[in-house]
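A.B. asks: Okay, handing you the structure first.
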Amino acid sequence: MISFGMRCNMSMAKLKFHIGSDDDVVSNITMTTTHSPLPVGSTPIHERPINWSLGSFVAIEMSFFCGYLITQVPGGFLASMYPANRVFGIAIAMSSFLNLLVPSATEIEKSLYVIIIRMCQGLVEGVTYPACHGIWRHWAPPLERSRLATIALCGSYAGVVVGMPLSGTLIDWFSWEAPFYAYGVMGLIWYVFWLWLCFEKPSLHPTISARELNYIETSLGAAKNSAAPTIVNTPWKKFFTSMPVYAIIVANFCRSWNFYLLVLFQASYLHSFNFEVSATGYIGALPHLLMTIVVPLGGILADHIRKNGILSTTNVRKIFNCGGFGMEATFFLVLAHARTPLTATIALTCGVAFSGFAISGFNVNHLDIAPRYASILMGISNGIGTIAGLLCPIAINIIIRHKTRQSWSEVFILAAVIHYIGVVFYGIFASGELQPWAEPKVEEDQQMDEVSNEKKRLSSYGSVEQSGNGLVNKGFDVKSTVPEPAPPTENPTNPFLAKPTNPTNPFASAE
């Protein structure tokens, strides 16, 4: 939520910018806090003009996505080699700190400093989506992946729900700088709680029950112990010759185009109906609010269908993805011909809400076809999707340069066509089955385990650790006599160990 809320800061703040045309004799953007009076009749906190060219402003919008693109695949490897929860947390904390620097950077006449800060934000946030899949690789049982992943991912849409109205309100009440400071501070506070509450694997969680731990590890099987992929043993050729992988990539690009269109330009589109900045934020949040509700519901429904054997995983992914894309594209065609604020709001809200079902399609599909490489595949597909974030601002700014109603119609017709292309491609080539190349050969895992064990042995030689019988020097052949934990027995004081249960269904009561 914080990450995507920060992305709303600039899109809402620019409504207070007076943007000139590059064809003007003096082309600049004047940034002020001249806004509607506060409820108590206060005057604006300050007014500070900044001379930026329109090209500089477009560069600021693109700079984030340039950085975001660069770290997608490296982020997948970082999430595989290091604790994914730490990678994710550090990325959000660094981005929050950089968000605090944006207002100060605008005090310097040249926009280069803001561009650098925004690019650095993109660089650190580029690892977040791959890191999410790295976390679920250890925590998500196969038949609960849709539900867990979509609940986590709906935070990105909830971030827009909160970010747009909150940014708009802060801008109206204080200044355009206020959202940058607010989200920067919230992100740093969040990081403290993340370090306290989040753990890399279930086995490292200090308060997890034995029952839940056994269920997760049993359902994951051998995958939980497979060696982390490296650049050498990653099947790159298989990735880029696999049509199911390309299906995910194309779907990610199509979805990213429409998502960034909404994040970057939805406020401007609604503002064209002469809404106030704060009203634009609240109305713009409505579609994303419904999507935040639809995304987890879609995940629950998808898992229910799979668990009960109603449809195969492949068919579930195709139906949810193509249905979500197709409905959003259809409502975008309605939006392209909307002439009243009410029609536009209804069409936009319905289209975005239906697209939430697609998250249970392509966005969790990496975990189906190759759970071991899910974070790397997420980095690749999200990296290609980020290219949409680079191209979208350029294309849309060209189309709407004359700021006419017809230009907005062209924007949404283009978005609909892109989604229909995604429907066809994903419907033909997607798969929900584990791919033959998705798991390493047995000898490869053995070699990786031998190397890992040797590193641990060498690094621990001569060190001292505490065992059940006192201090043991690990550099010598001294065996610890710590007894193995006793198997679960009937214990009426511990409800989780009272009776043995079926590990595939920990919530089923024993007869």
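Every residue gets a Cβ built from N, Cα and C, even glycine.
Keep in mind that TrEMBL annotations are predicted by a computer and have not been checked by a curator.
The feature compositional bias 'Polar residues' is assigned by TrEMBL to 460-470, 501-511. Feature annotation from TrEMBL assigns domain 'Major facilitator superfamily (MFS) profile' to 1-434. Positions annotated as region 'Disordered' by TrEMBL: 442-511. The transmembrane segment annotation in TrEMBL covers 52-71, 83-102, 148-168, 180-199, 245-267, 279-298, 344-364, 376-400, 412-431.
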A.B. asks: Can you name the far-off residues of the same chain, 6+ from the ends of the transmembrane segment (376-400), with a Cβ under 8 Å from a Cβ of it?
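C.D. replies: Long-range Cβ neighbours of the transmembrane segment (376-400): 58, 61-62, 64-66, 68-69, 72-77, 80, 126, 129-130, 132-133, 229, 234, 239, 245, 248-249, 252-257, 260-261, 264-265, 268, 362, 366, 369-370, 407-408, 410-411, 414.
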A.B. asks: So what's the average pLDDT for the domain 'Major facilitator superfamily (MFS) profile' (1-434)?
C.D. replies: 82
A.B. asks: Among 180-199, 245-267, 279-298, 344-364, which stretch has the most Cβ pairs under 8 Å to the transmembrane segment (412-431)?
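C.D. replies: Ranking 180-199, 245-267, 279-298, 344-364 by Cβ pairs under 8 Å to the transmembrane segment (412-431) puts 245-267 first.
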A.B. asks: Under a criterion of three or more Cβ pairs within a distance under 8 Å and sequence separation of at least 6, are the transmembrane segment (245-267) and the transmembrane segment (344-364) in contact?
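C.D. replies: Since 3 or more Cβ pairs under 8 Å link them, the transmembrane segment (245-267) and the transmembrane segment (344-364) do come into contact.
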A.B. asks: Take a look at 83-102, 180-199, 279-298, 344-364 and tell me which one has the most Cβ pairs under 8 Å to the transmembrane segment (148-168).
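C.D. replies: Stretch with the highest Cβ contact count: 279-298.
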A.B. asks: Considering only Cβ pairs under 8 Å, which range in 83-102, 180-199, 279-298 makes the most contacts with the transmembrane segment (344-364)?
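C.D. replies: Looking at each of 83-102, 180-199, 279-298 in turn, the most contacts to the transmembrane segment (344-364) are made by 279-298.
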